[in-house]
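Enquirer: Before I ask anything, here is the structure I am working with.
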Amino acid sequence: MGEQNGNRMMSVEIGLEMHKVEAPPHRSTIKKLQTRLKETFFPDDPLRQFKGQSAKKKWILGAQYAFPILKWGPEYSLKLFKFDVVAGLTIASLAIPQGISYAKLANLPPIVGLYSSFVPPLVYAVLGSSRDLAVGPVSIASLVMGSMLRQQVNPVTDHILFLQLAFTSTFFAGLFQASLGFLRLGFIIDFLSKATLIGFMAGAAIIVSLQQLKGLLGITHFTKKMGLIPVISSVFRETDEWSWQTILMGFCFLVFLLITRHISIKKPKLFWISAGAPLLSVILSTIFVFAFKAQDHGVSVIGNLEEGLNPPSWNMLQFRGSHLGLVVKTGLITGILSLTEGIAVGRTFAALKNYQVDGNKEMIAIGLMNVVGSSTSCYVTTGAFSRSAVNHNAGAKTAVSNIVMSVTVMVTLLFLMPLFRYTPNVVLGAIIVTAVIGLIDIPAAYQIWKIDKFDFIVLLCAFLGVILISVQEGLAIAVGISILKVLLQITRPKIVMLGNIPGSDIFRNIHQYKEAIKLPGFLILSIEAPINFANITYLNDRISRWIEDCEAEDETLKHSELGFVILDLSAVSAIDTSGVSFFKDLRRVLDKKSLKLILVNPIGEVMEKLQRSDDTRDLMKPDSLFLTVGEAVTMIMSTRKNHV
């Protein structure tokens, strides 16, 4: 009865014309290798613009590719400059207090934060391809660098050594970043998934905020550990050091900064309120401390800052000694984090303005500006989201806004440094807390929870790892779980059973399409992943179990016996020698069970490798190879009917 139903369902399709499965055109091994390398390292085909151009034009295009400023610079106008000046001055008002604050977060002298907001933006303006990216120190890289280096070197007692290691770590970070761009290896940073970054940044934001309790409460003796428990324990262990004057001032400015941030979020056109709030806080608090001599009443201040532009620091780079491993590891981790943030921010705002940002150019630009920065007393910098958002909202048109910001910082370094002498540390802590709160993205976490529970576990592991263990261990755990997820997807590929949509020759997943029904005598499966050495054991076990289940079901329901196993290979994009052997072994096993193996639509590389391995022509016979599942079933049923 089941067989009659199957014949009746497919009878309307018997007259369909059968299509031959074509083998891909022959290509030499060299040609295949060239194609594979091009797709891996040059998916954007950067050389296409040089085709058909004269030698002179090629030189011009080459110079513009290496230095994007040469492309937009000749077309620059006074009208654009007006917008860039406003944007540059606006982000400078944010960059100055942030630079000082983030340097303290990295356990570096505050002046280094201003140095890092002067030279790197100039380098990026020449080499970068984003119009909106505002360059400078960022909280995450500052936190990671400070915490990693502090594990082996005390920034207070060995401040010179700590500074040397920070500059050397910056050099290695830049070298690694630029190397990724030159070697076209940007896909490496893709291992930091969205879930990993959201969890990591949320955890880091909490740790950063808790670290600011030292300044917000006026505590002198504070733990050097970064975990949640040590920090909380340190806060309540030193209650006798709490300063009510510091707490009151910190609370007032923190509320002020949070209110201005809330206003700008609710009304984006008022972005300038939150952009100018940090600098206004610094000015007001400095005046207050100076007027009331608050430094004599328990309020700690920055103190004297060195005047002048960045001193050279290439003589401070340490390429030997017992700390070499530490600076390489620190540079690698901070380099990846800052690169990921910079490229993500650049692409976000490029999408809003409908222009392209070249990822490899960005890697080279960010890397070279950090290499140059390490020689000019700067630590790791990248494109910060908060600063770039202000730059974008302020109407920046080109990277000239970075130049304007840099010039403003230069003027500050040359003439305005004495004004920061009475700036209280508590205000810098409030600025940092306000800045990192934006890194806690609860809506994005909830969205990940709704879409993919495994990704949410990755997010949670990153978050808990950062706040309970340490920043770098938390990141490592999250990356490890993300890689485990990828490995599981490779070793456990998706394979589904297909059924026929009644009245058609369409076959779909029977668990997704309730109307799809299994055809008696057929086991139709779709493999939806590359087949390789890592998953052939799973595929073999899974298919064998399906065959046993079908045979048992046919016997129970008295259907016609299973006679054909059809594998739809349309979604199998690649195969290796182990995968080829899998098909050969499967063919032999099915032959012993008097079952016929049918392959449907093997594509490209899969078809070619199966053909080369099929010396006896058993696997790729015309009656075992079809273009669609519908044609395969139709032909088999037609042959059966004729034999009957």
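Every residue, even glycine, has its Cβ placed from backbone N, Cα and C.
Automatic prediction, not curation, is the source of TrEMBL annotations.
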Enquirer: Quick one: sort out which of 75-98, 363-386 is the transmembrane segment according to TrEMBL.
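Expert: In TrEMBL, residues 363-386 carry the label transmembrane segment.
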Enquirer: Please work out the helix, strand and coil residue numbers for the domain 'STAS' (512-636) from the DSSP assignment.
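Expert: Helix, strand, coil within the domain 'STAS' (512-636): 59 helix, 21 strand, 45 coil.
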Enquirer: So what's near the transmembrane segment (456-484) in sequence-distant terms, Cβ-Cβ under 8 Å and 6+ beyond its ends?
Expert: 143-144, 147-148, 191-193, 195-200, 202-204, 206-207, 226-229, 333, 337, 445, 448-449
Enquirer: Please check if the transmembrane segment (242-259) comes into contact with the transmembrane segment (426-449), where contact means 3 or more CB pairs closer than 8 Å and the residues in each pair are separated by 6 or more positions.
Expert: yes
Enquirer: Suppose I define contact as three or more CB-CB distances under 8 A, residues 6 or more apart in sequence; do the transmembrane segment (161-183) and the transmembrane segment (271-292) meet it?
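Expert: No, the stretches stay apart by this measure.
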Enquirer: When each of 106-126, 363-386, 398-420, 426-449 is checked against the transmembrane segment (195-222) for Cβ pairs under 8 Å, which one has the most?
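Expert: Checked against 106-126, 363-386, 398-420, 426-449; highest Cβ contact count belongs to 426-449.
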